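The following features are taken from TrEMBL:
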TRANSMEM  67-99  transmembrane segment
TRANSMEM  120-139  transmembrane segment
TRANSMEM  166-184  transmembrane segment
TRANSMEM  191-213  transmembrane segment
TRANSMEM  219-245  transmembrane segment
TRANSMEM  257-279  transmembrane segment
TRANSMEM  330-352  transmembrane segment
Amino acid sequence: EGELQHAECCRDDEADGDDKLAFLCEGEGEIEGDSKADTPDVPPSTDNTPQCLNKALEGLSSRWKNWWIRGILSLTMITGFFLIIYLGPIMLIFVVMSIQIKCFHEIITIGYRVYHSYDLPWFRTLSWYFLICVNYFFYGETVADYFGALVQREEPLQFLVRYHRFISFAVYLAGFCMFVLSLVKKHYRLQFYMFAWTHVTLLIVVTQSHLVIQNLFEGMIWFIVPISIVICNDIMAYIFGFFFGRTPLIKLSPKKTWEGFIGGFFATVVLSFFFAYLLSQYQYFVCPVEYNSETNRFAVECEPSNLFMIQEYTLPAVVQNAKTVNLYPFQIHSIALSTFASLIGPFGGFFASGFKRAFKIKDFADTIPGHGGIMDRFDCQYLMATFVHVYIASFIRGPNPSKVLQQLLVLQPEQQLGIFNTLRNHLRENGMLPPAVEEAQ
């Protein structure tokens, strides 16, 4: 019966003049889709491990060789990460944007390789066009929100900011019209699949990257700690799984074990707690990142908020020896962040594993020896970025005086004067305006 349904499905597709995609004609009884027709035309990953490293490790078994390759490359990437942090916020923004573009390229390339034989018109051109459109929208919003003083000085920027959303919509609409004009008979269904493929990729990659940058502007600690927590959990889970792993965790990732999952959770919570304590002591990490119009540079100087000032907490009555403990409030928040990164964050990796299994590929690319592509390293980071953004908006963020001031500077002079008079009257009514200032007024 399953084979009959399969044949009828394919015949229907032929009658409609649509593409005969194997995954559309799978019988209900096929769970894994192991038939030959279901295997996409994706070339296997190549080993791009440096020759010097291969030669140094040639006497080891494949298991230990992979251990050393992953370890050495992980330490290299971590060192590079801290070097970029040292270079400042602007460099971090460029790095996030570069990673976003590379992740988008890896996912779109999979779609292109799988369906390249259909020779779809404008597929890659439109994919990159939509990437530019979405980035223009998001980065334009960032400029409007955080660079108000710069916008006030530059007249072309004032025009672009004022009509930013209309311009963004018009640019996207042009791409939408190009897509409609590119539709070709017998490829309609496949072209709409690719249109959806591109937009889901934009949703996963570009939107999350924008949230990463939004988190960065709240303070570098909201950028560094979440990313470090995910990296820590990945390393700790791998170590515990490598040495103690016995019980499989999930079928999507056969190498993942319960021992690695649980060990990674406890290690991540403990390490993130102390890492949060370390960073909370420095203004450079805890202050919001703001643009200084006088120096034309990003400034990270402020009076630290209560979140980053030592507080005394009373311990539960069950603790006999110590009744109170001094902590930074951010350390408590770090427990929530590390718990999410350890228990929910890995599902971003499981999602990516399911995606790769669907297309019979091992990695998204072979950019990093022993690790795969950039997307293989950032599959959990994007989920974490969304959580951190929601967490800040729900539990941390209050009114931002700097942002309010920037919005006021964009208003017309008479509007600014009206707000000034309203604020002055309010301060007088509450007895907050000094008498000397009151007399001068």
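Just so you know, glycine gets a Cβ as well, placed from its N, Cα and C.
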Beyond the flanks of the transmembrane segment (67-99) by 6 or more, those residues with Cβ under 8 Å of it:
49, 53, 57, 60, 135, 209, 212-213, 216, 220, 223-224, 227, 231, 235, 238, 242, 289, 298, 300, 368-371, 374, 377-378
Segment-segment contact (the transmembrane segment (330-352); the transmembrane segment (120-139)) at 3 or more Cβ pairs under 8 Å:
no
Can you work out which residues elsewhere in the same chain, 6+ from the ends of the transmembrane segment (166-184), have a Cβ less than 8 Å from its Cβ atoms?
120-122, 126, 129-130, 133-134, 136-137, 140, 160, 191, 195
Can you work out which residues elsewhere in the same chain, 6+ from the ends of the transmembrane segment (219-245), have a Cβ less than 8 Å from its Cβ atoms?
67, 70, 74, 78, 81, 85, 89, 92, 212, 255-257, 259-265, 267-268, 271-272, 275-276, 279-280, 284-289, 300, 308, 330, 334, 337-338, 341-342, 345-346, 380-381, 384-385, 387-388, 392
